[in-house]
Amino acid sequence: STISVMSSEGAAPISSSLPPAPPGHPPKVTNRGRSAVPISTLNSQSSDVPEFEPFGAPGPRGFPPMSEYLDIWEVDMMRKPDESNKQEHHTMLFNSDHLLVRRGQEFKIKIVFNRPYVPATDLFAVEFVIGSSPQYSKGTHIPVFTTKDRQSSWGGRVTDTVDNAVTVGITPAANCIVGKYQMYIAVKTPFGIRRTRRDKSRELYILFNPWVSDDAVFLDDEAERQECVMTEIGIIYHGTIDDISERNWNYGQFNYGVLDACLYILDRADMPITSRGDPIRVTRKASAMLNSRDDDGVLVGNWSGDYTYGVAPTSWTGSTEILLTYASSQTPVCYAQCWVYAAVFNTFLRCLGIPSRVATNYFSAHDNDGNLKMDIILDEGGRIDRSRTRDSIWNYHCWNECYMSRPDLPTGFGGWQVVDSTPQETSDGMYRCGPASVQAIKHGQICFPFDAPFVFAEINSDVVFYTRDKDGTLVPVKVNRTHIGRAVFTKSPGAMTRRDITDQYKFPEGSKEERTVLEKAEEFGCPREKADLPAGDVDLVLPILELSVGDSFELSLEFVNRSGQRRTVDAYISGSVVYYTGVTSSEFLFKNPTVTIAPNNSVKESVAVESKKYMKSLVEQANLHFIATGKVQETGQIVSAMRVVTLHNPKLNVTVSAGGKVNEEMTVAVEFTNPFTFSLEGVYIRMEGPGIMLPMSKYYSLIPGNSSLNWTEFFVPQRAGSRTVIASLDCAALRQVNGTASVTIEP
């Protein structure tokens, strides 16, 4: 191809020939010529360690027989769920035949030799190898010795000796690499080192350890550890602040194949093996890899309402199917929205041992301008100019919090960190967010990495109404400083209840501390609207409504005159179907009454809304957004009020047979009645439950109006205790239909 470049003087073009670009993706560039050995970025690949490593060249007849020296007959990894390793390391719930342990804490293996072990003369080591280029200096090849006078970065000791069997205690370093290791037993002879052969049964996984104080993810609260690492069922809050909804989610972090899928995500990101012991780097890399925007990550985001080529975000019931599909297909999974990103990210973090939880921020600012203002533009008459109003206020937004120390920040900014994998804005060139210290956000110290200004704006922005004059000038006429970040909720530890954590993010609205924080944030480049507008004497109140899909209703607005004079308001009332991101889909209601209010009095203006006007244009999550604005004729004051109404969907009825026992067949039934007069087409039902049922799905091409369906399935529970089955129903005409059932499984 030929490229023509115009010289600075505008003379004749300069031509240069370049080779044509290859079709498709560019070839992957290697590190050849840049480093002496390949940089290891794949945990799934590992080098074979030689079975015999001679100290020198063999003699003319080779090496003599090794029969008189110590030889390994058997290695017991003590990997069963009921054995001490998995019990003490809190990994007994993982559905894996391999040994899984947590770093910074001793685990044990049993080695059977060909004869009794003699400590004075027999020298052996337990070697751990990770990645394709193991090096002692990089922490990817770790020999563990059992004598006190010779120790490596990992501790080792002989804890018991019985006949030919030796039990060895091994303590991985509290900052070691997290991932899948190969283990070898190496015995020193006068002629060289002899090792066991590579054996899949001697592979083991080492995870982060929130139970050990030397680990960066140490969390000194057992109730929080149980909730944020060990709990498999979560609650994700959605809806609106006035009508909070919840849905259960199966994180499934202990399900078969999920841990390997999580490690594959880091492999797919080409994350160097040597960086995988740092939770800051791991969480930042994962926040980019959970979305597919720029790196073919796990999930494709879709807010359009058209999910023809994938699964609707509202249809998912857990993370297992998503992660296993991504690992097996090696292509992004369709589709996700913020709560799906947060839920799958939560599975990733808990699976690797990083304490985490899903948090929901109600009225979350998505500001494209990088300031603390959500700009709403009004025309001269007080009506919203939708063509010029670009900022959006999400009804809610879900992100993750993970717990870790932050040695890269000043003292006091460790603890809970915000990470967000929903692709909103780029950070260092990629769609990712965090980890950002919650303490730093609360105190306005948003100069610290990573992405604290973005999160700060999500919970602290002002809603500013502007009028636009004929010459294009924008004049602020009203500022609402309390609408954004109304509340942040997460699940309570050990209970299926809601926990308000707003005070961890911000001081009370209007307090002295809040003003100080906002001033501090302004020093770091987050300007806010400083207009000190006079208080008006007319208020506009929109009621709280609780409605179901298909309801007709009456919207009643109250105009309150707090002055001693009559007031006349030219009002605009708009009703729109909106996505939960605040983006308008279509307008179904518009009225422009003129209201006269007597002194120190109030007037109610009612508007009838028929269901047929909004039903045909509903989008998923069924949100109706009402906004009323008006201009007071006598004073020029602008009044406004906003209300988001989430329409309630019908529920699924889920029932589980009683008297369940481990490994005995049970039944679960899902019942649903179509409450509408029209048919539902293309209906998918999904259900799953941690420890008792893997994800299942069923398709119904048609459910006629006012008719019912009943789906019964058999399952065999694998674990005892209190268990939950989660089910969802989804189709183009009806989203976010859920149901759960709890059951107690006897051993």
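Using N, Cα and C of the backbone, Cβ positions are placed for all residues, glycine too.
Pulled from TrEMBL, these are the features on record:
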type: REGION; residues: 1-60; note: region 'Disordered'
type: COMPBIAS; residues: 38-48; note: compositional bias 'Polar residues'
type: ACT_SITE; residues: Cys338; note: active site
type: ACT_SITE; residues: His397; note: active site
type: ACT_SITE; residues: Asp420; note: active site
type: BINDING; residues: Asn460, Asp462, Glu509, Glu514; note: Ca(2+) binding site
Recorded positions compared (Asp420, Asp462, Glu509, Glu514) - the one with the fewest other Cβ atoms within 10 Å: Glu509
Counts of helix, strand and coil residues, the compositional bias 'Polar residues' (38-48), according to DSSP: 0 helix, 0 strand, 11 coil
Between His397 (active site) and Asn460 (Ca(2+) binding site): CA-CA distance (Å): 14
Residue with minimal Cβ packing [other Cβ atoms within 10 Å] among the recorded positions Cys338, His397, Asn460: Asn460
Nearest of the active-site residues (Cys338, His397, Asp420) to Asp462 (Ca(2+) binding site), judged by Cα-Cα distance: His397
Env. residues of Ca(2+) site, Cβ within 8 Å of mean position of Asn460, Asp462, Glu509, Glu514 Cβ: Arg481, Thr482, Ile484, Gly485, Lys506, Gly510, Leu518
Rounded inter-Cα distance in Å - His397 (active site), Cys338 (active site): 6
Pairwise CA distance, Glu509 (Ca(2+) binding site) versus Asp420 (active site), rounded so that it is a whole Å: 25
